[in-house]
């Protein structure tokens with residue numbers, strides 16, 4: 001894994017060349033490679049959808065619980081502040097990368113801090129993305145098979161429709177989802193190939209927001225919604241410390257930095273990356289604020305860590321069961337379509353850690369398949385044994401997500 005050098009004078013150049021080879025994204029630039037020369041660059045809309053899908057993943061489901069903890073006003077302010085900080089940190093990465101003609105986050109960290117900088121970045125992306133995708137699988141299991149993580153059993157869609165059977169247990173449902181949905185989608189070697197599924201995933205997230213807002217507004221007019229708390233309740237020292245558990249969730253909700261270079265490299269016009277980032281962040285922030293506000297308004301202090309689990313009971317409106325199922329099915333489908341976008345960066349960075357001097361993974365089908373299958377297996381079994389998305393969010397958000405989104409970009413600028 002070490003970076004070779006044959007002479008003192010050539011050390012820096014060799015290091016730079018190897019970093020380029022190890023971390024160039026799939027497929028890195030619009031070069032005329034055999035089999036790919038027909039690709040003329042990704043569109044503005046396709047890039048916005050891919051970046052928005054990277055951002056609006058599972059974090060949206062845990063944000064209402066964060067609002068419950070922080071109160072509406074501080075919670076919404078925190079969503080806006082983290083969005084602005086995210087835009088600033090991505091702008092740092094893009095400016096430094098364009099100035100040095102650098103095509104990946106790992107290469108940028110390698111240029112600034114050498115081999116160990118690259119390794120630190122790639123390890124952080126691996127930890128963060130594995131944690132995020134475990135959360136995705138937990139959500140799918142909660143929605144389709146039900147959950148008892150809070151001590152109270154919330155029925156899943158399949159259990160509600162057909163009753164409890166072995167074939168709709170969490171293990172079987174997640175196994176079928178992995179083989180039928182995830183396996184085909186993670187087989188693509190170019191990010192732009194997922195632009196249509198990304199567009200559909202954003203649309204499904206909007207469906208969830210619209211339905212949740214509609215139900216909350218109806219109940220508000222009917223006078224059946226309790227007054228939500230505007231600020232947190234600070235009774236003792238422990239309640240103050242508890243507020244900090246919401247911060248990792250907010251940080252994780254905006255982490256998309258690991259895919260920015262891949263999207264930038266595939267653009268027809270690379271000067272569009274900054275407006276693409278701003279558009280995506282505005283869209284995602286709007287979705288986050290609307291979801292957090294209306295979901296907390298709807299469920300109040302009964303808001304669960306995974307708010308989808310709240311949609312298994314009577315909502316107090318006509319056709320409640322139908323709306324419950326539409327909301328849960330639409331968001332489960334959204335998460336399924338987000339999964340391959342995040343997996344793309346995970347596979348690339350894990351390969352860079354394990355095989356830094358090998359040829360690029362896009363040109364080695366055997367290595368591509370082995371890493372893909374191994375990652376899917378690890379994520380599947382972890383999702384079976386980890387009980388709550390809050391646990392996974394707290395771990396990744398407090399460690400790798402902060403490094404990827406804020407610490408590493410600041411380190412690059414300082415360098």
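One-based numbering along the chain as shown.
Cβ coordinates are placed from backbone N, Cα and C, and glycine is handled just like the others.
TrEMBL lists 42-412 with the feature domain 'Amino acid transporter transmembrane'.
The transmembrane segment feature in TrEMBL is assigned to 73-94 (among others).
Listed as Cβ neighbours of the transmembrane segment (119-139) (distance under 8 Å, sequence separation of 6 or more from its ends, same chain) are residues 1, 23, 57-58, 61, 105-106, 109, 113, 174, 177, 252, 255, 258, 306, 308, 331-332, 335-336, 338-339, 342-343, 345-346, 349-350, 352-353, 375, 378-380, 382-383, 386, 388-389, 392-393, 395-396, 399-401, 403-404, 408. The transmembrane segment annotation in TrEMBL covers 119-139 (among others).
What TrEMBL records for 171-188 (among others) is transmembrane segment.
If you look up TrEMBL, you'll see 200-220 (among others) marked as transmembrane segment. Residues of the same chain lying 6 or more positions beyond the ends of the transmembrane segment (200-220) and with a Cβ under 8 Å from any Cβ of it are 49, 52-53, 56, 60, 283, 287, 290-291, 294-295, 297-298, 315-317, 323, 326-327, 330-331, 333-334, 337-338.
Residues annotated as transmembrane segment in TrEMBL: 240-260 (among others). Counting residues 6+ beyond its ends, the transmembrane segment (240-260) has Cβ neighbours under 8 Å at 50-51, 54-55, 59-60, 62-63, 65-66, 69-70, 75, 78-79, 82-83, 86, 89-90, 93-94, 105, 125, 128-129, 132, 191, 232, 234, 273, 277, 280-281, 284, 288, 341-342, 344-345, 349, 390, 393-398, 401-402, 404-406, 409 in the same chain.
The annotation transmembrane segment is assigned in TrEMBL to 281-299 (among others).
Listed as Cβ neighbours of the transmembrane segment (329-348) (distance under 8 Å, sequence separation of 6 or more from its ends, same chain) are residues 25-26, 50, 53-54, 56-58, 61, 125-126, 129-130, 132-133, 136, 139-140, 143-144, 157, 177, 181-182, 185-186, 188, 191, 194, 197-198, 200-201, 204-205, 207-208, 211, 258-259, 262, 308, 361, 368, 371-372, 375. Under the heading transmembrane segment, TrEMBL lists 329-348 (among others).
Outside the transmembrane segment (368-386) by six or more residues, the chain places 130, 133-134, 137-138, 141, 170-171, 174-175, 178, 182-183, 186-187, 189, 343, 346-347, 350-351, 354, 361-362, 392 with a CB less than 8 A from a CB of the stretch. Annotation comment: TrEMBL describes 368-386 (among others) as transmembrane segment.
Marked as transmembrane segment by TrEMBL: 392-414 (among others).
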Tertiary contacts of the transmembrane segment (73-94), as residues 6+ beyond its ends and Cβ separation under 8 Å: 63, 66-67, 105, 108, 230-232, 246-247, 250-251, 253-257, 260-261, 264, 273-274, 277-278, 281, 284-285, 288-289, 292-293, 405-406, 409-410, 412-413
